[in-house]
């Protein structure tokens, strides 16, 4: 894209700047549209499981319901509690929303179709995702209310706990791919499973890590059955209790952008990303972005299905799963994978 702007007679600095802005908009704007659509899909899936119709009034089949809800919150008054820390109260949802967008910079949508094709892409995602907890902590502290405060404490402990397990799980992927680059990780999966399947998930050593990563993704995004931060019977609406209008909407958008990101990471890191499921020449005629979107939609359906059907964990069960089950297993698996690669690849 920089070359295109340079061909119009611009200097390299101006061309690079405009190309960067255009790339950001090409990701951010479709992402916002995608978030609106998956909120609609989420509600439709819950309704179908509960034998209801779901959104069906605004637009054909209720497709415009999310946009109507967005317009509603945009027109509402932003109410700030009298005892709240005004500056921190307003900046917390902005942090959550911004961090949710930043991680998409290194996601490959097709071969070479990535905003920032950096060598440490996976490390960048881990670093950026760890910043999301700051928005949650600030919202709980700045609200000056007990329910958001307790929710923020839960959320910070939960996110930090599962980020440790996620880090060790992803080391296994890096060992097999021999790279932190997201494009290279996808390419390393070509024909990996049984010689014909384009996925790390069909590797017997990596399949348990894929399952643990999927469950950890639910915990990292505070989705059911790990939605302890927003347990209605205990904490009202959690750290979002005192928020209204666009501040509340930014939290909502950030949450669903993170859910979409985790679905994408499941597809990219373990199930071939933009590669077709089978390493068969005719399947490569389908654009890679179509395969990636199909996998993302599958994982989003799993997320919604679990949320609608699985009962909520107790807080002690949540912590036990992260620290006493996932962390030891992921550590042991790193040693197993390292030994296997030493004997097969590097011997």
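Glycine is treated like the rest: Cβ placed from N, Cα and C.
Looking up the ranges 55-75, 118-138 in Swiss-Prot, the one annotated as transmembrane segment turns out to be 118-138. Spatially, the transmembrane segment (21-41) is not adjacent to the transmembrane segment (118-138); fewer than three Cβ-Cβ distances between them are under 8 Å for residues at least 6 apart in sequence. When Cβ-Cβ distances below 8 Å are used as the criterion, the transmembrane segment (258-278) is approached by residues 31, 34-35, 38, 100, 103-104, 107-111, 113, 122, 125, 129, 132, 170, 173, 182, 185-186, 189-190, 196-201, 206, 209-210, 213-214, 217, 220-221, 223, 284, 286, 288-289, 291-292, 295-296, 298-300, 303 of the same chain, each at least six residues removed from its ends. When Cβ-Cβ distances below 8 Å are used as the criterion, the transmembrane segment (323-343) is approached by residues 161-162, 164-165, 168-169, 171-172, 175-176, 205-206, 208-209, 212, 215-216 of the same chain, each at least six residues removed from its ends. Remote same-chain residues near the transmembrane segment (195-215) are listed as 165-166, 169-170, 172-173, 176-177, 188-189, 265-266, 269-272, 275-280, 299, 302, 321, 326, 329-330, 333, 336-337, 340 (criterion: CB distance under 8 Å, separation of at least six residues from the stretch ends).
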